[in-house]
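**Q** Quick one: this structure, given as C-alpha cells, is what I'll be asking you about.
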C-alpha cells in the first residue's frame with residue numbers, strides 16, 4: 001500500500017517536472033492545470049510607471065504653459081472666433097468621429113472607450129511646433145491648446161458620458177469618471193503655473209519649454225517600452241484598431257481644416273485649426289488609461305494611444321512636407337514673374353529715355 005502511494009507521488013512529481021505546461025514556480029500542478037504565485041514584479045512596475053507618467057506629464061503640461069504669452073492669450077479670449085471654431089473641432093468633430101469609427105468597425109466596448117477617450121482629449125503640444133513650420137497663427141495655436149486643456153475638465157467627462165452610454169448602460173464597462181476628473185484637474189495646475197512663470201520670467205520659461213519638449217518625447221518612448229513589458233498581450237490586437245488609428249488623425253486634420261474654412265478663417269489659421277484638431281494629447285490619454293483601468297482591460301486598450309501617436313505624427317510630417325514644397329514652388333514662381341516684369345520695365349524705360357540697355361536684357 002505504501003509502495004503504491006510512493007509510486008503515485010513519484011509519478012506526479014515526474015509529470016510536474018517533465019510537463020512543459022507547468023512552470024517551475026507553480027504552487028499547484030495537476031497535469032496541465034497550474035496555479036502560479038502572484039507576480040509582484042509587474043504590480044510594482046505598474047505602480048512605478050503610473051507615478052512616473054503622472055510626474056512627467058505634469059512637467060510637459062507645465063512647459064506648455066510656459067509657451068503661453070498672457071497678453072496674446074487674453075487677446076484671443078477677447079476675440080474668440082478662432083478659439084470657438086477650434087472648440088467645435090476639438091469637442092464636436094473629434095468625439096463624434098471616434099464614436100462613428102467605433103460603431104463602423106464594431107470593436108469591443110473597452111476598445112471603443114479608449115478610442116473615445118482619445119477623441120475627447122485636448123490638443124497636444126506637438127501641434128504648436130508643426131504650426132510654426134507651416135506658417136500658422138502661433139498665438140491661436142497656443143491659445144487653442146491652452147483653452148482645450150482647461151475646458152477638457154468639463155467637456156471630456158461630458159462627451160464620454162454622452163458617447164459611451166450605449167456601452168456603459170449594458171454594464172459591459174464602467175467608466176472611472178473620478179480618476180479622469182482628478183487627472184484633468186491635476187493637469188490644469190501646472191499649465192496655470194507655467195503661464196505665470198512665462199509672464200514673470202520669460203527667459204527661464206524658454207529653458208523650461210525646451211526641457212519639457214524633450215521630456216514629452218521621452219514620455220512617449222517610456223510608455224511604449226514599459227507598457228510593452230507590463231502588457232505583453234496588448235500588442236496582439238485586432239487589425240481594426242490599427243485601421244482606426246490610421247483613419248482617425250487623418251479625419252481630424254481634414255475635417256478641422258474644412259470647418260475652419262467654412263467659418264471664414266484665413267488660410268494660415270485654417271492650417272492652425274487643422275493641426276490643433278488632428279493632433280491630440282496622446283500622453284494625457286495614455287496616463288488616464290494607465291491610471292483608470294485594470295491590467296486585464298489594459299491588455300485590450302493600452303496600445304491604441306501609441307498607434308494614434310505614430311500616425312498623427314506621420315500625417316503631420318506629410319502636411320509639413322507638402323506645405324514646404326508648395327511654398328518653395330510658389331516663391332520660385334513669384335520670383336520668376338517679378339524678374340520678367342522688371343525686364344519688361346527696363347526695356348520700356350530704355351526706349352523711352354534713350355538709355356543704355358544691357359545685353360542680357362535684349
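Every residue gets a Cβ built from N, Cα and C, even glycine.
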**Q** TrEMBL tags one of 306-326, 327-347 as transmembrane segment - which one?
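**A** Matching range for transmembrane segment: 306-326.
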**Q** According to TrEMBL, which of these ranges is transmembrane segment: 83-105, 267-289?
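**A** When 83-105, 267-289 are checked in TrEMBL, transmembrane segment belongs to 83-105.
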**Q** Under TrEMBL, which of the candidate ranges 26-44, 45-63 is annotated transmembrane segment?
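**A** Going through 26-44, 45-63 one by one, TrEMBL gives transmembrane segment for 45-63.
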**Q** If I count Cβ-Cβ pairs under 8 A between the transmembrane segment (140-163) and each of 83-105, 112-134, 306-326, which range comes out on top?
**A** 112-134
**Q** Where else in the chain does the transmembrane segment (112-134) make close Cβ contacts, counting only residues six or more beyond its ends and a cut-off under 8 Å?
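**A** Distant Cβ neighbours of the transmembrane segment (112-134) are 60, 63-64, 67, 86, 90-91, 94-99, 101-102, 141-142, 144-145, 148-149, 151-152, 155-156, 159-160, 163-164, 167, 173, 175, 180, 212-213, 216, 241, 244, 248, 271-272, 275-285, 288-289, 301, 304-305, 308, 312-313, 316, 319-320, 323-324.
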**Q** Under an 8 Å Cβ to Cβ limit, what residues of the same chain, 6 or more beyond the ends of the transmembrane segment (83-105), are close to it?
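**A** Hits for the transmembrane segment (83-105): 76-77, 111-112, 115-116, 118-120, 122-123, 140, 143-144, 147-148, 151, 155, 159, 162-163, 240, 243-244, 247-248, 251-252, 255-256, 259-260, 263, 265, 273, 276-277, 280.
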